[in-house]
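Annotated features in TrEMBL:
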BINDING   His88, His125  Fe cation binding site
BINDING   Cys94, Cys97, Cys133, Cys136  Zn(2+) binding site
Amino acid sequence: MNQLEIIDMVKGKGFKITPQRRAIIEALFFFEKPPTAKEVLEIVRKKHPEISLDTVYRNLNLLAEIDCLIQINLKNSETSRFEIIKNHHHHLICLGCGEAVCLESCILDRHMGVLREKGYQIVGHAFEIYGYCPACRTAG
Ligand SMILES: [Zn+2]
Ligand SMILES: [Zn+2]
Ligand SMILES: [Zn+2]
C-alpha cells in the first residue's frame, strides 16, 4: 500500500483526513522497518509539535482496524510496531530482543469454514507466535 491508497481507504471508510492524520500516514513511510508509535510521534512532532502520543496511537489503531496496518507485538503495546500491509500475514516475535519475522501465509485460512459454522460473521482476526530467535537462543 502506498500513501495515496491508505488515504483513499481512510476516506472510503468515512473518516476525515486531518493534517495530523495525513502527517502520521506520511511518517509511516520514513522507516525501513515497521516503527513504534513513539518513533512515528518523533517524526510527526517536527511538523505538529502539539500532537500527543495518544493521538498517534489512536490513529495507528484506526489504520490497523481498517486493514492498512498490521500491529506487531500485541502483547506489549509499548513496543508494538506498525507495519504497512502488503498482504495479510502474521508474525513470529522474539521475546528476547523483540525482533519480528513475517510469516508469509495465514495459518487460519483453512479453518475459516469451521469458524463460520459457529454462526459468526467473521470480520477479522489477529494472532502472533512468541518465542526466541536464534541469536537470543544462543545468548541464553
Ligand atoms: Zn531475539
Ligand atoms: Zn510483517
Ligand atoms: Zn490470518
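All positions are counted from 1 along the displayed chain.
Every residue gets a Cβ built from N, Cα and C, even glycine.
Because TrEMBL annotations are produced automatically, they should be read as predictions rather than curated entries.
It should be emphasised that the depicted structure is a prediction, and the values quoted were computed from it without experimental measurement.
Checking the binding-site residues His88, Cys94, Cys97, Cys133, Cys136 against ligand 1 with a 6 Å cutoff on the Cβ atom leaves Cys94, Cys97, Cys133, Cys136, in sequence order. In sequence order, Leu95, Gly96, Gly98, Glu99, Tyr132, Pro134, Ala135, Arg137 are the residues of the same chain, not among Cys94, Cys97, Cys133, Cys136, whose CB sits within 8 A of the CB centroid for the Zn(2+) site. Cα separation, Cys94 (Zn(2+) binding site) to His88 (Fe cation binding site), rounded: 20 Å. Look at Cys136 (Zn(2+) binding site): DSSP puts it in a helix. Cβ neighbour density within 10 Å is lowest for Cys136 among the binding-site residues Cys133, Cys136. Take the binding-site residues Cys94, Cys97: by the count of other Cβ atoms within 10 Å of each Cβ, the lowest one is Cys97.
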